[in-house]
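Enquirer: From Swiss-Prot, for reference:
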BINDING   ARG39, ARG45  NADP(+) binding site
BINDING   ARG130, SER131, SER132, ASN251, ALA252, GLY296, LYS311, PRO312, ILE313, PRO314, THR315, ARG337  FMN binding site
Amino acid sequence: MRYLTAGESHGPSLTAIIEGIPAGLKLSAKDINEDLKRRQGGYGRGNRMKIETDQVIISSGVRHGKTLGSPITLTVTNKDHSKWLDIMSVEDIEERLKQKRRIKHPRPGHADLVGGIKYRFDDLRNALERSSARETTMRVAIGAIAKRILKEIGIEIANHIVVFGGKEITVPDKLTVQQIKVLSSQSQVAIVNPSFEQEIKDYIDSVKKAGDTIGGVVETIVGGVPVGLGSYVHWDRKLDAKIAQAVVSINAFKGVEFGLGFKSGFLKGSQVMDSISWTKDQGYIRQSNNLGGFEGGMTNGEPIIVRGVMKPIPTLYKPLMSVDIDTHEPYRATVERSDPTALPAAGVVMEAVVATVLVTEVLEKFSSDNMYELKEAVKLYRNYVDHF
(Lines of atoms letter the chains of each structure in order from A and count residues from 1; the text may use other names and numbers.)
(Lines give C-alpha, C1' and ligand atoms only; values in the text may rest on other atoms or scores of the structure.)
Protein backbone atom coordinates (compact mmCIF):
# COMPACT_ATOMS: atom_id res chain seq x y z
CA MET A 1 0.00 0.00 0.00
CA ARG A 2 1.24 3.46 -0.84
CA TYR A 3 -0.31 6.89 -1.08
CA LEU A 4 0.24 10.52 -1.99
CA THR A 5 -1.57 13.56 -0.66
CA ALA A 6 -1.82 16.97 -2.33
CA GLY A 7 -3.36 20.34 -1.61
CA GLU A 8 -2.80 23.57 0.27
CA SER A 9 -4.47 24.70 3.48
CA HIS A 10 -6.54 27.43 1.78
CA GLY A 11 -6.55 25.92 -1.71
CA PRO A 12 -9.65 24.54 -3.46
CA SER A 13 -9.33 21.02 -2.05
CA LEU A 14 -7.19 18.28 -0.58
CA THR A 15 -6.60 15.08 -2.51
CA ALA A 16 -5.18 11.62 -1.89
CA ILE A 17 -4.48 8.69 -4.18
CA ILE A 18 -4.10 5.29 -2.51
CA GLU A 19 -2.77 2.21 -4.24
CA GLY A 20 -2.69 -1.37 -3.01
CA ILE A 21 -6.04 -1.71 -1.23
CA PRO A 22 -7.38 -5.22 -1.91
CA ALA A 23 -10.62 -5.68 -3.82
CA GLY A 24 -13.78 -6.51 -1.93
CA LEU A 25 -13.39 -4.23 1.10
CA LYS A 26 -16.73 -2.73 2.11
CA LEU A 27 -16.23 1.02 2.02
CA SER A 28 -18.40 4.13 1.89
CA ALA A 29 -17.84 7.85 2.28
CA LYS A 30 -19.63 7.59 5.62
CA ASP A 31 -16.85 5.36 6.99
CA ILE A 32 -14.29 8.06 6.24
CA ASN A 33 -16.45 11.04 7.24
CA GLU A 34 -16.88 9.67 10.75
CA ASP A 35 -13.14 9.95 11.35
CA LEU A 36 -12.93 13.34 9.62
CA LYS A 37 -15.56 14.57 12.07
CA ARG A 38 -13.53 13.19 14.99
CA ARG A 39 -10.48 15.08 13.74
CA GLN A 40 -12.42 18.35 13.81
CA GLY A 41 -13.70 17.82 17.34
CA GLY A 42 -12.21 18.32 20.77
CA TYR A 43 -12.32 21.12 23.31
CA GLY A 44 -10.31 24.17 22.31
CA ARG A 45 -10.63 23.94 18.54
CA GLY A 46 -10.92 27.22 16.62
CA ASN A 47 -13.38 28.81 14.20
CA ARG A 48 -12.11 27.01 11.11
CA MET A 49 -13.53 23.77 12.47
CA LYS A 50 -16.95 25.46 12.31
CA ILE A 51 -16.32 26.51 8.71
CA GLU A 52 -14.92 23.20 7.46
CA THR A 53 -17.32 20.32 8.01
CA ASP A 54 -15.17 17.91 6.05
CA GLN A 55 -16.90 15.49 3.69
CA VAL A 56 -14.94 13.15 1.45
CA ILE A 57 -15.67 12.45 -2.20
CA ILE A 58 -14.55 9.02 -3.45
CA SER A 59 -14.03 9.35 -7.20
CA SER A 60 -12.27 6.10 -8.10
CA GLY A 61 -11.48 2.62 -6.86
CA VAL A 62 -14.88 1.89 -5.26
CA ARG A 63 -18.07 0.60 -6.90
CA HIS A 64 -21.34 -0.37 -5.26
CA GLY A 65 -19.84 -0.05 -1.81
CA LYS A 66 -16.77 -2.24 -2.36
CA THR A 67 -13.18 -1.55 -3.37
CA LEU A 68 -12.07 -2.66 -6.82
CA GLY A 69 -8.36 -3.20 -6.18
CA SER A 70 -7.54 -0.19 -8.35
CA PRO A 71 -6.24 3.18 -7.05
CA ILE A 72 -8.67 4.99 -4.77
CA THR A 73 -8.97 8.77 -5.16
CA LEU A 74 -10.23 10.86 -2.25
CA THR A 75 -11.05 14.57 -2.30
CA VAL A 76 -12.08 16.94 0.48
CA THR A 77 -13.22 20.43 -0.53
CA ASN A 78 -11.92 23.41 1.45
CA LYS A 79 -15.06 25.47 2.02
CA ASP A 80 -12.97 28.38 3.28
CA HIS A 81 -11.34 28.67 -0.17
CA SER A 82 -14.09 31.00 -1.40
CA LYS A 83 -12.55 33.75 0.77
CA TRP A 84 -9.08 33.14 -0.68
CA LEU A 85 -9.73 33.11 -4.43
CA ASP A 86 -7.20 35.84 -5.24
CA ILE A 87 -4.63 34.93 -2.61
CA MET A 88 -4.58 31.25 -3.66
CA SER A 89 -5.16 31.82 -7.38
CA VAL A 90 -3.39 29.38 -9.70
CA GLU A 91 -3.07 32.12 -12.31
CA ASP A 92 -0.86 35.17 -11.77
CA ILE A 93 -2.53 38.21 -10.17
CA GLU A 94 -1.75 41.90 -9.66
CA GLU A 95 1.13 42.70 -7.33
CA ARG A 96 -1.08 44.73 -4.97
CA LEU A 97 -3.32 41.69 -4.46
CA LYS A 98 -0.31 39.47 -3.76
CA GLN A 99 0.70 41.76 -0.93
CA LYS A 100 -2.67 41.54 0.86
CA ARG A 101 -1.90 38.30 2.73
CA ARG A 102 1.82 38.07 2.10
CA ILE A 103 3.75 36.61 5.05
CA LYS A 104 7.14 38.16 5.74
CA HIS A 105 7.34 37.80 9.53
CA PRO A 106 8.04 34.06 10.05
CA ARG A 107 6.48 32.31 13.04
CA PRO A 108 8.94 30.59 15.40
CA GLY A 109 8.38 26.85 15.43
CA HIS A 110 6.75 26.74 11.99
CA ALA A 111 8.18 25.89 8.57
CA ASP A 112 7.82 29.52 7.40
CA LEU A 113 11.42 30.76 7.43
CA VAL A 114 13.25 27.53 6.64
CA GLY A 115 10.78 26.69 3.88
CA GLY A 116 11.19 30.16 2.41
CA ILE A 117 14.97 29.84 2.39
CA LYS A 118 14.94 26.30 0.98
CA TYR A 119 12.51 27.01 -1.88
CA ARG A 120 13.51 30.68 -2.45
CA PHE A 121 10.09 32.13 -1.62
CA ASP A 122 9.68 35.85 -0.99
CA ASP A 123 6.17 35.15 0.35
CA LEU A 124 6.38 32.68 3.21
CA ARG A 125 2.73 31.76 2.70
CA ASN A 126 4.00 29.40 0.02
CA ALA A 127 5.61 27.33 2.78
CA LEU A 128 2.81 27.80 5.30
CA GLU A 129 0.07 26.51 3.02
CA ARG A 130 1.50 23.04 2.45
CA SER A 131 3.17 22.63 5.85
CA SER A 132 -0.13 23.35 7.62
CA ALA A 133 -1.73 20.62 9.73
CA ARG A 134 -4.68 20.87 7.34
CA GLU A 135 -2.82 18.19 5.33
CA THR A 136 -3.56 15.67 8.06
CA THR A 137 -7.17 15.67 6.88
CA MET A 138 -6.13 13.32 4.10
CA ARG A 139 -4.01 11.15 6.34
CA VAL A 140 -7.03 10.67 8.58
CA ALA A 141 -9.10 9.75 5.51
CA ILE A 142 -6.48 7.21 4.42
CA GLY A 143 -6.26 5.88 7.96
CA ALA A 144 -10.02 5.36 8.02
CA ILE A 145 -9.67 2.96 5.09
CA ALA A 146 -6.74 1.25 6.79
CA LYS A 147 -8.81 0.76 9.94
CA ARG A 148 -11.56 -0.88 7.89
CA ILE A 149 -9.04 -3.49 6.76
CA LEU A 150 -7.66 -3.98 10.27
CA LYS A 151 -11.15 -4.54 11.62
CA GLU A 152 -11.78 -7.25 9.02
CA ILE A 153 -8.76 -9.22 10.28
CA GLY A 154 -9.42 -8.79 13.99
CA ILE A 155 -7.19 -5.81 14.80
CA GLU A 156 -8.61 -2.87 16.77
CA ILE A 157 -7.07 0.51 17.53
CA ALA A 158 -7.77 3.43 19.87
CA ASN A 159 -6.10 6.54 21.24
CA HIS A 160 -6.32 8.79 24.28
CA ILE A 161 -4.41 11.65 25.88
CA VAL A 162 -2.14 10.70 28.80
CA VAL A 163 -0.50 14.10 29.39
CA PHE A 164 -2.41 17.32 28.68
CA GLY A 165 -0.42 20.53 28.96
CA GLY A 166 1.90 19.04 31.58
CA LYS A 167 -0.98 17.53 33.55
CA GLU A 168 -0.62 13.75 33.74
CA ILE A 169 -3.90 11.85 33.46
CA THR A 170 -4.33 8.88 35.80
CA VAL A 171 -5.36 5.92 33.63
CA PRO A 172 -7.36 3.04 35.16
CA ASP A 173 -5.57 -0.33 35.04
CA LYS A 174 -6.23 -3.04 32.46
CA LEU A 175 -8.57 -1.15 30.15
CA THR A 176 -9.27 -2.97 26.89
CA VAL A 177 -8.81 -1.27 23.53
CA GLN A 178 -12.58 -1.10 23.16
CA GLN A 179 -13.00 0.46 26.60
CA ILE A 180 -10.36 3.07 25.80
CA LYS A 181 -12.12 3.84 22.53
CA VAL A 182 -15.47 4.34 24.26
CA LEU A 183 -14.18 6.39 27.19
CA SER A 184 -12.01 8.61 24.98
CA SER A 185 -14.89 9.26 22.56
CA GLN A 186 -17.12 10.34 25.46
CA SER A 187 -14.59 12.98 26.54
CA GLN A 188 -14.23 16.39 24.89
CA VAL A 189 -10.52 16.25 25.70
CA ALA A 190 -10.00 12.60 24.66
CA ILE A 191 -9.12 11.26 28.11
CA VAL A 192 -10.29 8.03 29.78
CA ASN A 193 -10.59 9.39 33.33
CA PRO A 194 -13.65 11.67 33.65
CA SER A 195 -12.44 13.10 36.97
CA PHE A 196 -9.84 15.16 35.06
CA GLU A 197 -12.26 16.52 32.43
CA GLN A 198 -13.24 19.86 33.96
CA GLU A 199 -9.73 20.60 35.21
CA ILE A 200 -8.35 20.18 31.68
CA LYS A 201 -11.12 22.31 30.13
CA ASP A 202 -10.52 25.10 32.64
CA TYR A 203 -6.81 24.96 31.90
CA ILE A 204 -7.41 25.20 28.15
CA ASP A 205 -9.64 28.24 28.72
CA SER A 206 -6.95 29.97 30.78
CA VAL A 207 -4.29 29.24 28.18
CA LYS A 208 -6.51 30.60 25.41
CA LYS A 209 -7.20 33.77 27.41
CA ALA A 210 -3.44 34.26 27.81
CA GLY A 211 -2.92 33.95 24.04
CA ASP A 212 -0.79 30.86 24.52
CA THR A 213 -0.88 27.17 23.53
CA ILE A 214 -0.25 23.76 25.11
CA GLY A 215 0.87 20.33 23.93
CA GLY A 216 0.91 16.91 25.53
CA VAL A 217 1.30 13.18 25.01
CA VAL A 218 -1.00 10.93 22.96
CA GLU A 219 -1.11 7.17 23.48
CA THR A 220 -2.27 4.81 20.74
CA ILE A 221 -3.07 1.18 21.55
CA VAL A 222 -3.53 -1.62 19.01
CA GLY A 223 -4.99 -4.99 20.00
CA GLY A 224 -5.26 -8.28 18.13
CA VAL A 225 -1.98 -7.80 16.25
CA PRO A 226 -0.49 -11.07 14.90
CA VAL A 227 2.96 -12.17 16.01
CA GLY A 228 5.78 -11.45 13.57
CA LEU A 229 4.86 -8.29 11.68
CA GLY A 230 8.09 -6.47 10.83
CA SER A 231 11.57 -7.99 10.68
CA TYR A 232 14.94 -7.91 12.42
CA VAL A 233 16.78 -8.69 9.15
CA HIS A 234 17.39 -5.07 8.09
CA TRP A 235 17.11 -1.78 9.96
CA ASP A 236 14.44 -0.39 7.65
CA ARG A 237 12.17 -3.42 8.04
CA LYS A 238 11.68 -2.99 11.78
CA LEU A 239 8.02 -2.20 12.30
CA ASP A 240 8.48 -0.11 15.43
CA ALA A 241 10.90 2.07 13.46
CA LYS A 242 8.34 2.53 10.69
CA ILE A 243 5.68 3.50 13.21
CA ALA A 244 8.08 5.91 14.90
CA GLN A 245 8.73 7.65 11.57
CA ALA A 246 5.01 7.92 10.87
CA VAL A 247 4.27 9.39 14.30
CA VAL A 248 6.98 12.05 14.23
CA SER A 249 5.88 12.99 10.70
CA ILE A 250 2.67 14.39 12.21
CA ASN A 251 2.74 18.18 12.51
CA ALA A 252 4.19 19.33 15.87
CA PHE A 253 5.12 15.81 17.08
CA LYS A 254 8.64 15.80 18.53
CA GLY A 255 9.14 12.37 20.09
CA VAL A 256 7.89 8.79 20.28
CA GLU A 257 8.19 5.86 22.68
CA PHE A 258 6.92 2.28 23.00
CA GLY A 259 5.80 0.62 26.23
CA LEU A 260 7.86 1.95 29.12
CA GLY A 261 9.83 3.95 26.57
CA PHE A 262 12.26 6.43 28.10
CA LYS A 263 11.50 5.15 31.61
CA SER A 264 13.47 2.03 30.64
CA GLY A 265 16.65 4.06 30.91
CA PHE A 266 16.12 4.36 34.67
CA LEU A 267 15.46 0.65 35.33
CA LYS A 268 17.36 -2.66 35.39
CA GLY A 269 16.87 -5.30 32.72
CA SER A 270 15.02 -7.57 35.13
CA GLN A 271 12.49 -4.77 35.64
CA VAL A 272 11.94 -4.12 31.94
CA MET A 273 11.91 -7.42 30.01
CA ASP A 274 8.58 -9.22 29.67
CA SER A 275 8.69 -12.79 30.99
CA ILE A 276 7.36 -15.43 28.58
CA SER A 277 4.91 -18.19 29.49
CA TRP A 278 2.75 -20.66 27.57
CA THR A 279 -0.75 -21.95 28.13
CA LYS A 280 -2.80 -24.41 26.10
CA ASP A 281 -5.58 -21.87 25.58
CA GLN A 282 -3.47 -18.78 24.87
CA GLY A 283 -0.16 -20.11 23.55
CA TYR A 284 2.84 -17.86 24.17
CA ILE A 285 2.08 -14.81 26.31
CA ARG A 286 4.05 -12.16 28.17
CA GLN A 287 3.55 -11.56 31.88
CA SER A 288 3.84 -7.82 31.26
CA ASN A 289 4.01 -5.49 28.27
CA ASN A 290 6.83 -3.13 29.14
CA LEU A 291 8.20 -3.29 25.60
CA GLY A 292 4.92 -2.13 24.09
CA GLY A 293 4.30 -5.17 21.90
CA PHE A 294 7.67 -5.25 20.12
CA GLU A 295 10.77 -7.41 20.31
CA GLY A 296 13.53 -7.18 17.69
CA GLY A 297 11.48 -4.78 15.58
CA MET A 298 8.68 -7.35 15.32
CA THR A 299 5.26 -7.60 16.93
CA ASN A 300 5.21 -10.19 19.72
CA GLY A 301 1.46 -10.65 20.02
CA GLU A 302 0.92 -8.25 22.90
CA PRO A 303 -0.96 -4.97 22.30
CA ILE A 304 1.10 -2.28 20.62
CA ILE A 305 1.46 0.69 22.96
CA VAL A 306 2.99 3.77 21.35
CA ARG A 307 3.09 7.35 22.62
CA GLY A 308 3.82 10.54 20.74
CA VAL A 309 4.62 13.90 22.27
CA MET A 310 3.13 16.98 20.62
CA LYS A 311 4.71 20.36 21.20
CA PRO A 312 2.43 23.36 21.80
CA ILE A 313 1.01 24.82 18.58
CA PRO A 314 3.55 27.41 17.33
CA THR A 315 1.05 30.06 16.19
CA LEU A 316 0.48 32.33 19.20
CA TYR A 317 -2.11 35.10 19.54
CA LYS A 318 0.49 36.91 21.61
CA PRO A 319 3.29 36.28 19.12
CA LEU A 320 6.99 35.95 19.85
CA MET A 321 9.58 38.19 18.29
CA SER A 322 10.72 37.43 14.77
CA VAL A 323 12.36 39.27 11.86
CA ASP A 324 11.03 41.04 8.78
CA ILE A 325 12.59 39.16 5.85
CA ASP A 326 12.63 42.35 3.73
CA THR A 327 14.34 44.70 6.21
CA HIS A 328 15.85 42.19 8.70
CA GLU A 329 14.45 44.39 11.46
CA PRO A 330 12.88 42.85 14.60
CA TYR A 331 9.14 42.30 14.27
CA ARG A 332 6.36 40.38 15.94
CA ALA A 333 5.64 37.08 14.19
CA THR A 334 2.65 36.80 11.89
CA VAL A 335 -0.59 35.64 13.51
CA GLU A 336 -2.69 33.13 11.58
CA ARG A 337 -5.85 31.42 12.78
CA SER A 338 -4.91 29.02 15.57
CA ASP A 339 -6.09 26.98 18.55
CA PRO A 340 -4.88 26.82 22.17
CA THR A 341 -4.54 23.06 21.67
CA ALA A 342 -5.26 20.40 19.08
CA LEU A 343 -4.39 17.34 21.17
CA PRO A 344 -7.70 15.46 20.73
CA ALA A 345 -7.44 15.96 16.96
CA ALA A 346 -3.78 14.93 17.01
CA GLY A 347 -4.83 11.67 18.64
CA VAL A 348 -7.13 10.93 15.70
CA VAL A 349 -4.28 11.67 13.29
CA MET A 350 -1.85 9.48 15.23
CA GLU A 351 -4.36 6.63 15.25
CA ALA A 352 -4.69 7.01 11.48
CA VAL A 353 -0.98 6.98 10.65
CA VAL A 354 -0.32 3.99 12.91
CA ALA A 355 -3.19 2.11 11.25
CA THR A 356 -1.80 2.96 7.80
CA VAL A 357 1.66 1.62 8.66
CA LEU A 358 0.15 -1.56 10.10
CA VAL A 359 -2.00 -2.22 7.04
CA THR A 360 0.99 -1.67 4.77
CA GLU A 361 2.90 -4.27 6.80
CA VAL A 362 -0.03 -6.70 6.82
CA LEU A 363 -0.37 -6.46 3.04
CA GLU A 364 3.36 -7.01 2.62
CA LYS A 365 3.33 -10.18 4.74
CA PHE A 366 -0.02 -11.51 3.49
CA SER A 367 0.03 -10.24 -0.09
CA SER A 368 -3.52 -10.58 -1.41
CA ASP A 369 -5.50 -9.20 -4.32
CA ASN A 370 -8.81 -9.38 -2.49
CA MET A 371 -10.16 -9.32 1.04
CA TYR A 372 -11.27 -12.96 1.02
CA GLU A 373 -7.73 -14.19 0.36
CA LEU A 374 -6.30 -11.72 2.89
CA LYS A 375 -8.61 -12.90 5.66
CA GLU A 376 -7.91 -16.55 4.85
CA ALA A 377 -4.14 -15.95 4.87
CA VAL A 378 -4.26 -14.18 8.24
CA LYS A 379 -6.52 -16.89 9.68
CA LEU A 380 -4.14 -19.64 8.51
CA TYR A 381 -1.14 -17.81 9.97
CA ARG A 382 -2.83 -17.22 13.32
CA ASN A 383 -3.62 -20.95 13.46
CA TYR A 384 0.05 -21.77 12.81
CA VAL A 385 1.16 -19.41 15.60
CA ASP A 386 -1.34 -20.98 18.02
CA HIS A 387 0.25 -24.40 17.46
CA PHE A 388 3.92 -23.37 17.46
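From the backbone N, Cα and C atoms, a Cβ is placed for every residue, glycine too.
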Enquirer: Out of ALA252, ILE313, which of the binding-site residues has the smallest number of neighbouring Cβ atoms within 10 Å?
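Expert: With the binding-site residues ALA252, ILE313, fewest surrounding Cβ atoms within 10 Å: ALA252.
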Enquirer: With the cut-off set at 10 Å between Cβ atoms, which of these binding-site residues ends up with the most neighbours? Options: ARG39, LYS311.
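Expert: Checking each of ARG39, LYS311, the winner is ARG39.
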Enquirer: Just how many other Cβ atoms lie inside 10 Å of the Cβ on ARG45 (NADP(+) binding site)?
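Expert: Here the count is 18.
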Enquirer: Fewest neighbouring Cβ atoms within 10 Å: which of the binding-site residues ARG130, THR315?
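Expert: Selected from the binding-site residues ARG130, THR315 on minimum Cβ neighbours within 10 Å: ARG130.
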Enquirer: If you skip the near sequence neighbours and keep only those at least six away, which residues in the chain come within under 8 angstroms of SER132 (FMN binding site), Cβ to Cβ?
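Expert: Those within reach of SER132 (FMN binding site), by Cβ under 8 Å and sequence separation of 6 or more, are GLU8, SER9, ASN251.
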Enquirer: From the Cα of ARG39 (NADP(+) binding site) across to the Cα of ARG130 (FMN binding site), what is the distance in angstrom?
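Expert: Approximately 18 Å lies between the Cα of ARG130 (FMN binding site) and that of ARG39 (NADP(+) binding site).
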Enquirer: So, three-state DSSP: helix, strand or coil for ARG39 (NADP(+) binding site)?
Expert: helix
Enquirer: Where the record says ARG130, SER131, SER132, ASN251, ALA252, GLY296, LYS311, PRO312, ILE313, PRO314, THR315, ARG337 bind FMN, what is the longest distance in Å from one Cα to another among those residues?
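Expert: Max Cα-Cα spread across the FMN binders: 43 Å.
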Enquirer: Reduce the DSSP letter at ARG130 (FMN binding site) to three states and note it down.
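Expert: SS state of ARG130 (FMN binding site) = helix.
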